[in-house]
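Novice: Straight out of TrEMBL:
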- 1-13: compositional bias 'Polar residues' (COMPBIAS)
- 1-23: region 'Disordered' (REGION)
- 56-78: transmembrane segment (TRANSMEM)
- 240-260: transmembrane segment (TRANSMEM)
- 266-290: transmembrane segment (TRANSMEM)
- 322-342: transmembrane segment (TRANSMEM)
- 348-367: transmembrane segment (TRANSMEM)
- 374-393: transmembrane segment (TRANSMEM)
- 420-451: transmembrane segment (TRANSMEM)
- 472-494: transmembrane segment (TRANSMEM)
- 572-595: transmembrane segment (TRANSMEM)
- 602-624: transmembrane segment (TRANSMEM)
Amino acid sequence: MEQRRPTSGSQQGRPRKKVDNPYLGTDYSMQISPGYRMRRTKREWKPLEDRSCTDLPWFLLFTVFCVGMGSIFGFTIATGGAARLVFGYDSYGNTCGQRNEQIEGVRLSGLDQTDKKYVFFLDPCNIDIVQRKIKSMALCVSVCPDEELKTYQDLKRFAVHNGSELCSYELAGHKYPSLPERFDKCPKLPVPPSKSLPVFNRCTPVDISCYAKFAEAVVTFVSDNSVLHSLIAGVMASKVIIVGLCLLALVLSMILMVIIRYISAVLVWIFTATVVLGSLAGTSILWWMYIDYRLTVNKTLSKETEDAKEEAEMSRDNAQVLLVYAIAATVFTVILLLLMLFMRKRVALTIALFHVAGKVFIHLPLLTLQPFCTFLALLLFWFYWSLVLLFLGTTGNPVQNEETGLTEFRLTGPLQYMTWYHAVGLIWISEFILACQQMTVAGAVVTYYFTRDKNKLPVTPILSSSLRLMRYHLGTVAKGSFIITLVKIPRLFLMYVHNQLKGKENACARCMLKTCICCLWCLEKCLNYLNQNAYAATAINSTSFCTSARDAFVILVENALRVAAINAVGDFVLFLGKILIVTSTAFAGVLLLNYQRDYAEWVLPLIIVCLFAFLVAHCFLSMFEIVVDVLFLCFAIDTKYNDGTPGREFYMDKALMEFVENSRKLERVAERGRSRATEVVSVEGAEMKPMAPGTSSA
C-alpha cells in the first residue's frame with residue numbers, strides 16, 4: 001500500500017481527485033492537496049481514440065519558418081528578380097519587354113524595351129564553367145536571327161529589314177560595316193541561327209555544338225567527342241526501350257513487396273550460409289598461406305647462400321604477419337559462429353516479421369502508393385525551391401562586374417543571408433516531408449496490428465493516418481525533422497570544407513575532417529532510426545516527441561539482440577531484393593538491346609535503366625523496411641504488456657503467435673532440463689552427506 005505524507009493533520013482525510021488524462025487514461029492517484037505524493041499510472045500501449053495535439057510550439061515554429069520561406073519568394077517578385085529571370089535582362093540592367101528606370105552610375109540603363117522581348121548573347125559559346133553562366137554581353141532584341149549571318153553586311157541587312165539591332169545600343173544599324181567598335185560591340189561572326197525558348201525569352205542557338213566545351217567539361221571521362229555522340233545516339237535510339245525497362249523495374253518492385261514474405265526464409269538462409277562459409281573459407285585460406293610460407297622458409301634456410309638467408313628473413317616476417325591475420329580471422333569466425341548459434345531464434349523472428357509485413361501490404365494496398373506521393377511532394381518542393389533560388393540569383397542591387405564591365409544583380413548586406421535561410425529550408429522541409437511519410441505509414445501499420453479482427457479495419461487506414469497526422473501530430477514531425485537538420489547541416493558544411501581544401505590540407509586535418517563527417521553520418525542514421533520509432537510510439541499513444549522517443553528507446557534497449565538481428569539480417573535480405581530487381585531489369589535490357597550490333601551504344605541506356613531500377617527498388621523496399629520496424633515495435637510492446645491470458649490477449653498475427661509459442665516451448669524444455677540438473681545435484685549431495693556421529697551400520 002502506498003505511504004502518504006500529509007503536510008497537516010487536516011489534509012489526511014481528503015479524497016482523491018479523478019483526472020482524465022488523454023495520454024495516460026484515467027488516473028485516480030493525483031491528490032487535491034500538494035502535500036500528497038503523485039503517482040503515474042502505467043501507460044496503456046494501444047491506439048487511442050481520443051487524441052490531442054502534440055508539440056504545438058514546434059508546429060507554430062515550423063509554420064513561422066515556412067512563412068519566412070514564402071516571404072523570400074514574395075521579396076524576389078516585389079523587387080523584380082522573378083521578372084528579370086523570366087523575361088531576361090541585358091548587360092546594362094534593363095529588363096526586356098518592359099519600361100525600365102534609370103540605374104545610377106550605369107550608362108544605357110533605363111531604356112524602354114517594351115518592343116524588345118528577347119535576350120540575345122553576342123557570344124553564346126563564351127561560357128564560364130566554374131560559375132555556370134554565359135560571360136558574353138547580352139542585349140534585348142525584337143527578333144532572334146533565324147538564319148546564319150556571316151558578315152557585317154548581313155548584320156546591317158537583318159537590322160534594317162527586321163528592326164532588330166544585334167550590336168550594342170549606341171551603334172546605328174545602318175553603319176555596322178564601317179564602325180571601328182564593331183569588333184567589340186557586335187556579335188562574333190558567324191552568328192548561328194537561333195530561336196527563343198518557350199518560357200524564358202532567350203535566343204538559343206539551334207545548333208548546340210557551340211556548347212561542346214561545356215559538355216566536355218561536365219563529362220570529363222569522355223575524351224573523344226565521337227564517343228559522346230555515339231552514346232547520346234544510343235540513348236535516343238533506345239528511348240522507347242528505356243521507358244519500358246523503367247516501367248518493368250517499377251512493376252518488379254511492387255511485386256517483390258508482396259511475394260518477399262514467401263522467399264524471405266530462403267534469402268535469410270542464403271545470407272547465413274554465405275556469411276558462415278565465407279568466414280570459414282577466408283580463415284582456412286589464411287592458415288593455408290601461413291603454412292605454405294613456413295614451408296618455404298624452412299626450405300630456404302636449408303640453403304647456405306647469403307641471398308637465401310635474406311630471403312628467408314623476409315619470408316619469416318611475412319609469415320608472422322600472416323599468422324596474426326589467421327589468428328584474428330579465427331577469432332572473428334568463432335565469435336561469428338557463436339553469434340549465429342545464439343541469435344538463431346532472432347533470425348526466426350525476422351522471417352516472421354517479413355511474413356506479416358507482406359500481409360500488411362495485401363490488407364493496405366495504398367501503402368504501395370506512398371513512395372509516389374512522397375516523391376511527388378519532394379519533386380514539387382524541390383522545383384519551387386530551385387525556382388526561388390534562381391529568382392534570388394537575379395535579385396538585389398545592380399553591381400558592375402569589374403572583369404567584364406557588365407551589370408549584374410547581387411544580394412548585399414543583410415539580404416545575402418536570405419540564401420542561407422533558403423538553404424536551411426531545403427533540408428528542414430525535405431526532412432519534414434520524409435518524416436510525414438514515416439508517421440503516416442506508422443499510423444496505418446499500428447492500426448493494422450492493434451485491430452484483432454482484420455475485417456473491421458477502416459476503409460482507408462492510410463487516409464485516416466494522414467488525417468490524424470495533419471490534425472494532431474505535425475508538431476511532432478516538425479521537431480523530429482529539425483533534429484535531423486541540426487545534424488545534417490554541420491556534416492554538409494564539413495563536406496564542403498573538405499572539397500574546398502582538397503589537396504591543400506595536411507594529412508592530420510584531412511583525417512580529422514573525415515572522422516567528423518563519419519561520426520555525424522553515424523549519428524544522423526541513429527537519430528533517423530530513433531525518430532522513426534518515436535513516430536510509431538506517437539501513433540500509438542499520442543504522446544509528444546520526447547516522450548515517445550524515450551518510450552521507444554526503452555523498448556529497443558530491452559530488445560537489443562532482436563533489433564541487431566532484424567537490422568543485420570533484414571537489411572541484407574532487402575539488399576538482395578534490390579540486387580534481384582536491378583539484375584532482372586539489366587538482363588531484360590540486354591535481351592531487348594541485342595538488335596543493336598554496336599555494343600558501345602548499350603552502355604549509357606543500361607546505366608540509366610540500372611540506376612532507375614535501383615532507385616525505384618530502394619524507395620519501395622525502404623517502405624517495406626519501415627513497415628518491418630513498426631511491426632517489431634508493436635510486437636515488442638505486445639509481448640511486454642500481454643501474455644495471452646484472458647483479459648491480456650495478444651494482438652499479434654498468427655505467424656508471430658507461432659514464433660512466441662515455439663519460443664515458449666523451447667524455454668519450457670530448457671527449464672525442465674535445468675530443474676532435472678538441479679535435482680540430480682541435490683540428490684548426489686544428499687548421498688554424499690556424512691553419517692551422523694553415534695550411529696553404526698548393522
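Cβ atoms are placed via backbone N, Cα and C, with glycine included.
Automatic, uncurated: that is what TrEMBL annotation is.
Predicted, not measured: the structure shown is a model, and the values here were computed from it.
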Novice: Okay, the transmembrane segment (240-260) and the transmembrane segment (420-451): do they have at least three CB pairs under 8 Å, pairs separated by 6 or more?
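Specialist: No, the transmembrane segment (420-451) does not contact the transmembrane segment (240-260).
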Novice: With pairs fewer than 6 apart in sequence excluded, do the transmembrane segment (56-78) and the transmembrane segment (374-393) have three or more C-beta pairs that lie under 8 Å?
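Specialist: The transmembrane segment (56-78) and the transmembrane segment (374-393): touching, yes.
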Novice: Looking at the transmembrane segment (266-290) and the transmembrane segment (572-595), are there 3+ C-beta pairs under 8 A, with each pair at least 6 apart in sequence?
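Specialist: Contact between the transmembrane segment (572-595) and the transmembrane segment (266-290): present, because at least 3 Cβ pairs are under 8 Å.
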Novice: Taking the transmembrane segment (472-494) as reference, which of 56-78, 240-260, 572-595, 602-624 has the most Cβ pairs under 8 angstroms?
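Specialist: Comparing 56-78, 240-260, 572-595, 602-624 against the transmembrane segment (472-494), the winner is 56-78.
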Novice: Who are the chain neighbours of the transmembrane segment (572-595) in space, where the CB to CB distance is under 8 Å and they lie at least 6 residues beyond its ends?
Specialist: 238, 241, 244-245, 248-249, 252-253, 256, 260, 264, 267-268, 270-271, 350, 354, 602, 605-606, 609-610, 613-614, 616-618, 621, 624-625
Novice: Looking only at residues six or more beyond either end of the transmembrane segment (56-78), which have a C-beta under 8 A from one in the stretch?
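Specialist: For the transmembrane segment (56-78), the nonlocal Cβ contacts are 384, 388, 391-392, 395, 418, 421-422, 425, 428-429, 432, 474-476, 478-479, 482, 545.
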Novice: If we skip the immediate neighbours and take only residues 6+ beyond the ends of the transmembrane segment (602-624), which ones have a Cβ under 8 Å from one of its Cβ atoms?
Specialist: 231-232, 234-235, 238, 241-242, 245-246, 249-250, 252-254, 256-257, 260, 357, 361, 367-368, 370-371, 375, 441, 574, 577-578, 581-582, 585-586, 589-590, 593, 596
